[in-house]
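Working notes, structure below.
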Amino acid sequence: MVSAVTTMGCMKAAGVSLLLLYFLLNAADSHPNFDSSSMACGECSLGLNRLFSRDRPLYQCMGCCFSRAYPTPQTAIQTMAIPKNITSEAKCCVAKHSYETKVDDITVRNHTECHCSTCYYHKLI
């Protein structure tokens with residue numbers, strides 16, 4: 001004979017399972033449907049900065065250039081003060097020409113031309 005307590009326990013477990021299934025399906029459905037391999041960064045070019053383009057357009061350099069990493073040659077490792085097994089090279093999308101402008105009392109740079117060059121944040125000052 002099945003008691004009422006056993007039946008209630010089964011109903012609670014089924015309810016929790018259905019609720020969990022609902023949340024998982026909802027999360028899967030809200031995830032963007034795209035192929036992650038096609039998310040390559042665009043070519044280095046001027047792009048409209050929507051945050052600062054209120055009364056007039058403000059452009060910033062956006063996009064990718066190239067980067068690569070490879071094993072450091074043994075001869076180079078021996079000459080390093082702090083040996084590193086991996087060497088990396090990178091070029092970033094930076095402004096070739098720009099000028100300062102004010103947007104709501106904030107000084108920003110409006111880029112006029114972009115190119116691939118040394119990444120500033122990799123440089124030692």
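Just so you know, glycine gets a Cβ as well, placed from its N, Cα and C.
Residues or ranges marked as disulfide bond in Swiss-Prot: CYS41-CYS64 (among others). In three-state terms derived from DSSP, CYS64 (disulfide bond) belongs to an extended strand segment.
Taken from Swiss-Prot, the feature disulfide bond applies to CYS44-CYS93 (among others). In the three-state DSSP scheme, CYS93 (disulfide bond) falls into the strand class. When other Cβ atoms within 10 Å of the Cβ of CYS93 (disulfide bond) are tallied across all protein chains shown, the result is 23.
Annotation source Swiss-Prot lists disulfide bond at CYS61-CYS114 (among others). In three-state terms derived from DSSP, CYS114 (disulfide bond) belongs to an extended strand segment. Sequence-distant neighbours of CYS114 (disulfide bond) (same chain, 6+ residues apart, CB-CB distance under 8 A): CYS44, SER45, LEU46, CYS61, GLY63, CYS93, VAL94, ALA95, LYS96.
All protein chains shown were included, and the count of other CB atoms within 10 Å of the CB of CYS116 (disulfide bond) stands at 18. What Swiss-Prot records for CYS65-CYS116 (among others) is disulfide bond.
Listed in sequence order, ALA90, LYS91, CYS92, VAL94 are the same-chain residues at least 6 apart in sequence whose CB falls under 8 Å from the CB of CYS119 (disulfide bond). Taken from Swiss-Prot, the feature disulfide bond applies to CYS92-CYS119 (among others), supported by similarity to another entry.
What Swiss-Prot lists as N-linked glycosylation site is ASN85 (among others). Sequence-distant neighbours of ASN85 (N-linked glycosylation site) (same chain, 6+ apart, CB under 8 A from its CB) are PRO71, THR72, ILE77.
Per Swiss-Prot, N-linked glycosylation site is recorded for ASN110 (among others), and the stated evidence type is similarity to another entry. On its own chain, ASN110 (N-linked glycosylation site) has LEU58, TYR59, SER98, TYR99, GLU100, THR101 as residues at least 6 apart in sequence with a Cβ closer than 8 Å to its own Cβ.
Summarising the annotation, Swiss-Prot assigns signal peptide to 1-30 and lists sequence analysis as the type of evidence.
Around CYS92 (disulfide bond), a 10 Å sphere centred on its CB holds 19 further CB atoms from the protein chains shown. Counting every protein chain shown, the number of other Cβ atoms lying within 10 Å of the Cβ of CYS41 (disulfide bond) is 10.
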